[in-house]
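Annotated features in Swiss-Prot:
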type: ACT_SITE; residues: Glu87; note: active site, proton acceptor
type: ACT_SITE; residues: Lys162; note: active site, proton donor
type: ACT_SITE; residues: Cys204; note: active site, nucleophile
type: DOMAIN; residues: 47-299; note: domain 'CN hydrolase'
type: TRANSIT; residues: 1-36; note: transit peptide
Amino acid sequence: MLGFITRPPHQLLSLLCTGYRLPQISVLCTQPRPRAMAESSSTSWELPLVAVCQVTSTPNKQENFKTCAELVQEATRLGACLAFLPEAFDFIARNPAETLLLSEPLDGDLLGQYSQLARECGIWLSLGGFHERGQDWEQTQKIYNCHVLLNSKGSVVASYRKTHLCDVEIPGQGPMRESNYTMPGYALEPPVKTPAGKVGLAICYDMRFPELSLKLAQAGAEILTYPSAFGSVTGPAHWEVLLRARAIESQCYVIAAAQCGRHHETRASYGHSMVVDPWGTVVASCSEGPGLCLARIDLHFLQQMRQHLPVFQHRRPDLYGSLLPLS
């Protein structure tokens, strides 16, 4: 079982949060696991702990960094080995022109600050959705939506550029044309071995394309991560449903750090960051405000799930084609 979900008493969670300036950690467990698969070979305290951070980014990059740093430091204090930050953790601008103006290359000052933070805290960081000026910036004058994974030494171990750009018109939420200022990525990133398990990288809108999650799972992913900035209309309708579906069909943990609240006068995000286990249970979640939630990753439970429900062995590529392996 996930240690912070059922085994520690609620009083312990309250003690862990004492003195925390941001809203209290929220942990949710709503559905029991099947009895035959509920026991782990490890005690809960031996399982790796991850932290999912929820923030309200603004156009002020340094204020955003300060908020994220406080959450990462708190996650470190609580014993997390890996902290997940949402899409646009660096900033959310008022318009495309400001987005381009505030963007930086991966070797810029801002990512250097996060690298130092990871190194000082001794924690891995999933930085989902960095506004990156790529090597083709001078030619395209467009950026990449880049998910960066830092190890505990502050080194970049993987970077994935969002492949599915969000060009949509949602009634009541307003139009979005990410492709007006963003270039699509050209490849998926192979899953990366971390202290919590093998992590497959994706970003927000990617969760609507199950082929991506299946391909990452086939490549060895045990954890899929979807840092996001869902809106106030699509969030209540689709957010949890999509994340649970991706977890069930891929038989992976799904970790989704989210933006929340009002960023400026024209944009707000849904929040509700969460962790979903391979059974499809929401095992940890935040509410609507800034803060973090914690979960323990039980890879023994994941392997049990895959043995009891061997769906990848039952696939019929002769009927509907096969997914090409990651290069």
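The backbone N, Cα and C atoms fix where each Cβ goes, and this holds for glycine too.
Mapped onto this structure are the features recorded in Swiss-Prot.
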residue : record                       : Cβ within 10 Å
Glu87   : active site, proton acceptor : 28
Lys162  : active site, proton donor    : 25
Cys204  : active site, nucleophile     : 25
Cα separation, the residue listed as 'active site, nucleophile' to the residue listed as 'active site, proton acceptor' (Å, whole number): 7
Rounded Cα separation (Å) that holds between Lys162 (active site, proton donor) and the residue listed as 'active site, nucleophile': 9
